[in-house]
């Protein structure tokens with residue numbers, strides 16, 4: 001399959017009110033020569049044209065560490081954590097200046113937002129970040145968002161900007177998330193290694209069969225690979241945000257989407273979750289795991305709460321109100337929610353009926369281990 005394609009459900013970009021565009025390091029920075037200035041100018045030209053048509057654009061941009069590294073002329077090879085953070089500090093200033101100067105050519109302002117994982121995982125900080133970005137958009141500015149790599153550690157980081165972009169898209173209620181990548185979409189296998197790989201232009205929902213393709217069709221250049229892009233899609237689609245994966249190697253990559261260049265379109269859920277459940281669903285790192293029996297799994301599918309009686313194993317370390325993943329006996333995540341008990345209590349009461357819990361804990365039992373109002377179901381079908 002080659003040339004221009006039609007993708008069911010994808011409209012011209014000017015029809016969307018709010019779009020988040022994720023830009024990877026490999027697109028923005030050449031290891032030897034530094035910033036790809038001409039490519040960035042072409043992207044900003046696309047952004048400016050959409051902005052003139054009333055579309056709000058948010059840019060989630062990698063590249064700070066890579067740019068800082070080229071500025072320091074560091075040799076190839078792994079960097080220590082503090083070296084990466086120093087590169088990020090140098091590169092972030094240069095990156096912000098570059099975006100600011102490029103957008104200024106079109107009379108546009110830009111505002112830099114540096115986020116850590118806790119800024120989207122803690123409810124109050126999440127709401128504050130959302131309010132700040134909304135004000136920037138109201139002022140007509142183009143927010144440029146990145147992970148705050150100068151302070152993020154392995155324990156408190158997104159790890160890739162695909163999922164950060166999805167979190168931003170759902171937080172801001174974006175209509176469309178565009179992941180500009182080194183690969184032009186989703187394939188059944190790796191197109192770099194297998195000429196029989198089939199391109200998939202339209203994905204109605206990200207099922208387990210679709211996820212299996214990510215293991216064999218991963219990008220060879222992208223840090224996150226196809227798996228993190230599908231993780232991003234699950235976060236975005238469940239909240240009502242559609243997603244596009246396409247090659248960012250082309251000049252004017254957003255205009256290329258409108259021209260019909262190859263891309264994969266992931267449809268938004270027809271029944272998006274509400275804002276509260278969007279926040280729950282988007283949690284990237286659940287604090288614990290509750291394994292449940294088949295009867296409990298069926299109850300969740302029918303919209304019931306998770307009772308302690310249906311829990312057969314408890315893992316991780318969590319407190320009341322933390323986010324936990326709920327998995328079946330095969331280890332497949334079927335839901336995610338806010339737990340009503342801490343780890344120690346959950347271990348003591350798992351498998352117990354409600355009337356038994358009070359005597360075990362010494363106080364009146366709460367209605368559920370995870371209440372349905374604090375729970376988001378994952379895709380449970382295997383069909384594509």
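Here the Cβ of each residue, glycine as well, is placed from N, Cα and C on the backbone.
Around the Cβ of residue 181 (ATP binding site), the number of neighbouring Cβ atoms within 10 Å comes to 28. As annotated by Swiss-Prot, ATP binding site applies to 22, 181, 182.
Look at Swiss-Prot and you will find 62, 149, 161 tagged as substrate binding site. In the three-state DSSP classification, residue 161 (substrate binding site) falls within a helix.
Under the heading domain 'PUA', Swiss-Prot lists 287-364.
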Around the substrate site formed by 62, 149, 161, which additional residues qualify by having Cβ within 8 Å of the site's Cβ center?
25, 61, 63, 64, 65, 146, 147, 160, 164
Could you check which of the binding-site residues (22, 181, 182) sits closest to residue 62 (substrate binding site), going Cα to Cα?
22
Greatest C-beta neighbour count within 10 angstroms, which of the binding-site residues 149, 182:
149
Between C-alpha atoms, which of these binding-site residues comes nearest to residue 161 (substrate binding site): 22, 181, 182?
22
Same-chain residues six or more away whose CB lies under 8 A from the CB of residue 22 (ATP binding site)?
60, 61, 62, 161, 162, 164, 165, 177, 178, 179, 180
Would you give the longest CA-CA distance, in whole angstrom, between residues of 62, 149, 161, the set recorded as binding substrate?
11
